[in-house]
């Protein structure tokens, strides 16, 4: 039976000094010997998805204390990708994921904590904490801050639901007046919480449910609803129970690596494909699996993507549907329920809250349960009042959305598409693969042949798009923006949004060794591996080259003969694999260190030593 890790610093005569310091934090005689639970918070006033978390850590701590544990809270950093977008701040976003993972490891191991509650929410925070949980392999429960309510704007006689991406698109569209743009800006992000569509933050919080590491509703109930408070209270109580099961009953089945097995990672990816989640989830699941020493690769993702239908379309794929609508339809447990009925899920895996995923679905899938409390939970609706306060309203929808033929969540027979929401493409530009969010691609351009317009940075591409230099039929190629080449693998939300603004969303493609925001849609292909900075063929593309994209057949190729490519490669080897044009980009020592040790997107951009 394993000893509590915390005994290292709380027991023995030679730990008198450490106990003295613990006492200075408020611990009493009776606390020594109880499990010490790290409350890993990520409160910051910089990020709307985290601005409401300040008091929630102490709420969880009180539940831990009441359940017989000792709670100790600390914070991680949190970068807002939307605020960091479109300038050099985005270079720091992906590297912050690894910094968060390291900081959690440092704090938990330095202080010998026994278990964790991870209070996350936005883009890199949930993945960073997930990587740490896999690395540490101590009992953990994830609970996130929850989605923002969708914005509402009265526009030209109609009211429509909007989000951050809508504000970005209209801002670059000259057909909108300044007053209309301001109305979108003021209405797009009305409350605290992670941006309201199926963007990266919400995608990852949904995937923690599929991995079995969070409670039902974690990915879908809005941040403002009083019922979300129940998740935080339950997390504090549950983590003490899990800690005691492991340390006092020798039950290792509740450890993260025992729950998040390869089958669980496949379930999570299956969910992501079915709901058209962010392409960034590919990076993060690969990275978390690497930390857990699980053999989960791009080949697994490719295999799954060929068999899983699209059962749910949410903004940006379907602009009038947001996370609040997914929750009304039964949330993630109901999407998983439909996948189970389609025999696309492994339900023997375990969770932190039920013995098996099958048990969880029997209790929480609104199609199979008859529990009135579950129905009421999923009727939790947005409040419609701008606020930065968590749990500040208790409005309810009058009915649930249980329509599986035409509703927000579909069954397999009535799927939005039989082909999945994400696809892995291979070809001579991407020998190790690349990713496209097919749920956001118009059917008319699933096959696309176009001529290359090559840019050595995101900034140069944006300038060309806004300068009306990009025409229908072009393939915008943005390179040297990968994990090493950026460094930091910037998101390309501005270029994709501006292509929409210019009316080119269905007439152009954008390919890059960088990545895309969960808010991106259109024929946007990212994560091209190997990247240009590693000698990838994307570094050999020239203006005017023909590029052939064939999503149904999972391919993307540069239509240039092998002899020409070999000659270009020889010339590039002599010059060095770096941008042709000098970029006005300050790369700090911190970013240089990241670039030295990161791997390709195909491996999750994890570190190598």
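Placed from the backbone N, Cα and C atoms, the Cβ positions cover glycine too.
The following features are taken from Swiss-Prot:
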BINDING   81, 123, 124, 491  Mg(2+) binding site
BINDING   122, 195  [2Fe-2S] cluster binding site
MOD_RES   124  N6-carboxylysine
ACT_SITE  517  active site, proton acceptor
Practice item. Within the same chain, and leaving aside 81, 123, 124, 491, name every residue whose CB is within 8 angstroms of the centroid of the CB atoms belonging to the recorded Mg(2+) site, in sequence order. Key: 79, 84, 90, 93, 94, 122, 200, 201, 280, 517
Study note, to complete from the structure: Expressed in Å to no decimal places, the gap between the Cα atoms of residue 123 (Mg(2+) binding site) and residue 195 ([2Fe-2S] cluster binding site) is 10
Practice item. Can you grab the distance from residue 195 ([2Fe-2S] cluster binding site) over to residue 124 (Mg(2+) binding site)? Cα atoms, rounded to a whole Å. Key: 14
Revision key, fill the gap. Top of the binding-site residues 122, 195 by count of other CB atoms within 10 A is 195
**Study point:** Spatial neighbours, same chain, of residue 124 (Mg(2+) binding site) - Cβ under 8 Å, 6+ residues apart
**Key:** 78, 79, 81, 93, 94, 96, 97, 100
Exercise for review: Drop a 10 Å sphere on every Cβ of the binding-site residues 81, 123, 491 and tell me which sphere holds the fewest other Cβ atoms.
Suggested key: 81
**Study point:** Residue pair the residue listed as 'active site, proton acceptor', residue 491 (Mg(2+) binding site) - Cα distance, angstrom, rounded
**Key:** 5
Review point. Given residue 122 ([2Fe-2S] cluster binding site) and residue 491 (Mg(2+) binding site), what distance in Å do their CA atoms have, once rounded to a whole number?
Key: 15
Check your understanding: Tell me, by DSSP, whether residue 491 (Mg(2+) binding site) is helix, strand or coil?
Key -> strand
